[in-house]
Amino acid sequence: MMEHKASTKGSALVLLIIIAILAVSILYYEAAPHIPILIGIMVAAVYGFKLRYRWHEMEGEIVKGISNGIPAILILSLIGTLIGVWVLNGTVQTITYYGLQILSPATFLISTVIITAIVAIMTGSSLSAMGTIGVSLMGVSYGMGVEPAMTAGAIVSGALFGDKLSPLSDTTNLAAAAAKTNIFEHIRHMLWTTIPALIIALIIFGLIGVFTHDGAASTGQIDEMMQVLQSEFPISIVTLLSPLVIIGLAMKRIKPIPALSLGLIVAALTTFFTMPGSTFGDIINAAHFGYEAETGHEAIDELLTLGGLESMLFGVSLIIIALAFGGLIQGIGIAAALIEGIKQALRSRGNTIASTLASSFGVNVVTGEQYLSIILPAQMYEDSYRHHNLHPKNLSRTVEDGGTILHPLIPWGVIGAFVMTTLNVGMEYVFFVFLSLVTPFIALFYAYTGWTLTKLDENKEERKVEQNDDSTKNM
């Protein structure tokens with residue numbers, strides 16, 4: 001491709017126009033993000049022509065952007081088919097039934113965060129955690145009368161925490177590699193922002209649980225739902241085989257696509273045992289169109305009419321369009337020009353970290369691409385961190401705080417689309433992802449106070465001490 005230089009001012013103007021289109025369309029007209037983002041692609045393409053890019057060059061960048069999201073699209077499609085079969089064979093009903101027995105409405109949101117976090121740590125995938133245990137916890141929330149958006153916020157908070165601290169996570173490994181630091185040093189350094197954010201999130205969810213639930217009403221509703229579930233569906237631990245297989249494979253570092261595929265096969269085979277009258281055609285239909293519950297109980301019918309490949313098409317189409325937009329924005333240099341413009345104003349350590357956070361979040365907003373929100377700022381700010389004598393693990397932590405953690409707040413991002421489609425909630429869930437909302441403020445506090453920031457020379461001294469200790473032990 002010929003060399004074309006996007007200016008900071010021109011890129012900022014294009015971005016402002018696109019953000020205005022998105023804001024008016026989504027916030028004022030309450031439109032789905034798809035068409036506004038398509039219009040954004042047109043606006044960016046006009047700027048690309050001004051920079052003398054040819055259409056085939058921009059088309060190549062669009063295709064490249066979409067190709068980055070193929071794994072996420074396949075995962076989303078597999079989870080849709082899996083959920084349809086899970087409802088058919090009773091997996092979702094079984095987890096919901098036992099969840100209603102074990103969990104308490106007052107502590108449900110706290111339990112949701114912790115359970116989802118554990119699954120995400122074990123699997124290393126926030127998508128897998130939300131698409132498996134997250135769906136079942138949504139079912140429990142309906143039974144307890146907990147607001148779906150709050151439950152979704154708790155699920156996303158737990159999934160992010162687990163994903164961020166798991167050495168199996170793709171984003172965790174990517175951030176460490178992009179910033180050129182050790183993966184375990186990176187994880188330990190992230191604890192300074194992630195643990196306080198989790199504690200604050202748990203406190204908020206706990207207060208919500210205490211002050212919003214009606215004990216008597218919840219108990220009556222729970223008992224009624226449990227009776228209907230037990231009388232209408234197979235409640236059996238056999239149905240848990242599929243999710244256990246998926247979690248077990250993920251712990252063995254099997255990638256999500258083959259793990260979910262095998263889980264789908266196991267779920268299909270399980271159906272013949274739990275629903276003896278089912279045919280292969282029933283399984284195919286549930287996988288494609290989803291399951292439609294007809295129990296006569298309004299809440300349960302609403303809860304269990306879900307799943308299927310077709311239910312994921314809203315999210316899949318949004319991801320494709322958003323990635324096409326992100327590929328074009330990245331390809332014609334708009335994202336890099338904006339970050340370069342921000343870097344020119346950096347004079348202090350605190351401002352450097354703050355601008356890294358803003359850049360990672362900005363790339364998320366502009367492109368909807370989580371990986372890019374990690375890679376691009378890590379590459380662009382590497383020299384700035386070295387200039388301020390900051391160890392690379394400060395950079396890796398910051399791009400995770402601004403990239404991984406804030407990504408679910410973007411409705412047209414991969415995770416945002418996934419959450420709305422898989423958990424069947426609207427964009428209002430973003431107001432309850434407290435882990436994401438709190439983390440940037442903790443990161444900024446550290447940035448301007450200097451607490452928890454490791455300098456390059458300090459890290460060298462730490463290594464010398466460790467080496468001397470090892471030498472003493474070996475004597």
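Yeah, the Cβs are placed from backbone N, Cα and C, and that goes for glycine too.
TrEMBL annotations:
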- 12-29: transmembrane segment (TRANSMEM)
- 35-53: transmembrane segment (TRANSMEM)
- 65-88: transmembrane segment (TRANSMEM)
- 100-121: transmembrane segment (TRANSMEM)
- 158-451: domain 'Na+/H+ antiporter NhaC-like C-terminal' (DOMAIN)
- 190-213: transmembrane segment (TRANSMEM)
- 233-250: transmembrane segment (TRANSMEM)
- 257-275: transmembrane segment (TRANSMEM)
- 312-339: transmembrane segment (TRANSMEM)
- 429-448: transmembrane segment (TRANSMEM)
For the transmembrane segment (65-88), the candidate among 35-53, 190-213, 233-250 having the most Cβ pairs under 8 Å is 233-250
Do we see three or more Cβ pairs under 8 Å linking the transmembrane segment (233-250) and the transmembrane segment (257-275), pairs being at least 6 apart in sequence?
yes
For the transmembrane segment (12-29), what are the same-chain contacts with Cβ under 8 Å, counting residues 6+ beyond its ends?
35-37, 39-40, 43-44, 47, 334, 338, 341, 365-366, 411, 427
Which bits of the chain, at least 6 residues beyond where the transmembrane segment (312-339) starts or stops, bring a Cβ under 8 A of a Cβ in it?
4-8, 10-12, 14-15, 32-34, 37-38, 40-41, 44-45, 47-48, 51, 53, 57-58, 60-66, 68-69, 72-73, 76-77, 79-80, 359, 362-363, 366-369, 372, 376-377, 380-381, 412-414, 417-418, 420-422
